[in-house]
Amino acid sequence: MSEKYVVTWDMLQIHARKLAARLLPAEQWKGIIAVSRGGLVPAALLARELCIRHVDTVCISSYDHDNQREMSVLKRAEGDGEGFIVIDDLVDTGGTAQAIRDMYPKAHFVTIFAKPAGRPLVDDYIIDIPQNTWIEQPWDMGIAYIPPLVKS
């Protein structure tokens, strides 16, 4: 990946609220299925905004920080997804998204970020990201002091 897109906690919350507003009315949803791990934080934000208490997970491993590798389903939520929002932080090449679509064909699949290759696989998203860009999520970063260029 040649570019990086840094996401801050406040921007993630703003994007999640925007997404939640598009998912109204909340009563139409039975619950949320978070794609672990990237969808866990967005799922918590959606659950809060939509006052949804039923939150489950589907655990799919396809990344090791910045390298994509073979996909493995570790745990899945029951059912075909009818009445459920499935959320992940992003859709990239579409590999994970296609697996989600196959597992939950009746779910409403959303992400915060979408890259061109995976965009057709989600029902809604908030931010377009170029395909060659790596997204740095706030849960993968820390805040560190940086000394000034000129010391007093």
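If you go along the chain as it appears here, the first residue is 1 and each next one adds 1.
Just so you know, glycine gets a Cβ as well, placed from its N, Cα and C.
Under the heading 5-phospho-alpha-D-ribose 1-diphosphate binding site, Swiss-Prot lists R37, G38, R69, D88, D89, L90, V91, D92, T93, G94, G95, T96, citing sequence analysis as support. The feature GMP binding site is assigned by Swiss-Prot to R69, D92, T93, G94, G95, T96, W134, I135. Per Swiss-Prot, Mg(2+) binding site is recorded for D89. Residues or ranges marked as guanine binding site by Swiss-Prot: D92, I135. The annotation xanthine binding site is assigned in Swiss-Prot to D92, I135 on the grounds of sequence analysis.
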CB contacts for D92 (GMP binding site) [other CB atoms within 10 A, all chains]:
26
Roughly how many angstrom lie between the C-alpha atoms of G95 (5-phospho-alpha-D-ribose 1-diphosphate binding site) and W134 (GMP binding site)?
16
I'd like the number of other C-beta atoms within 10 A of the C-beta of T96 (GMP binding site), please.
25
Quick check: of the binding-site residues listed here (G94, T96, W134, I135), which one has the Cα closest to that of R37 (5-phospho-alpha-D-ribose 1-diphosphate binding site)?
T96
Rounded distance in angstrom between the Cα atoms of T96 (GMP binding site) and D89 (5-phospho-alpha-D-ribose 1-diphosphate binding site):
12
What's the number of neighbouring CB atoms sitting within 10 A of the CB on R37 (5-phospho-alpha-D-ribose 1-diphosphate binding site)?
16
Non-local Cβ contacts of I135 (GMP binding site) (under 8 Å, 6 or more apart, same chain)?
K4, Y5, V7, D89, L90, F113, I129
Over all shown protein chains, what is the count of other CB atoms within 10 A of the CB belonging to T93 (5-phospho-alpha-D-ribose 1-diphosphate binding site)?
15
Find, for the listed binding-site residues V91, G94, W134, the residue with the lowest Cβ contact count at a 10 Å cut-off, counting only other Cβ atoms.
W134
Would you count the other CB atoms within 10 A of the CB of D89 (5-phospho-alpha-D-ribose 1-diphosphate binding site), including those on all shown protein chains?
24
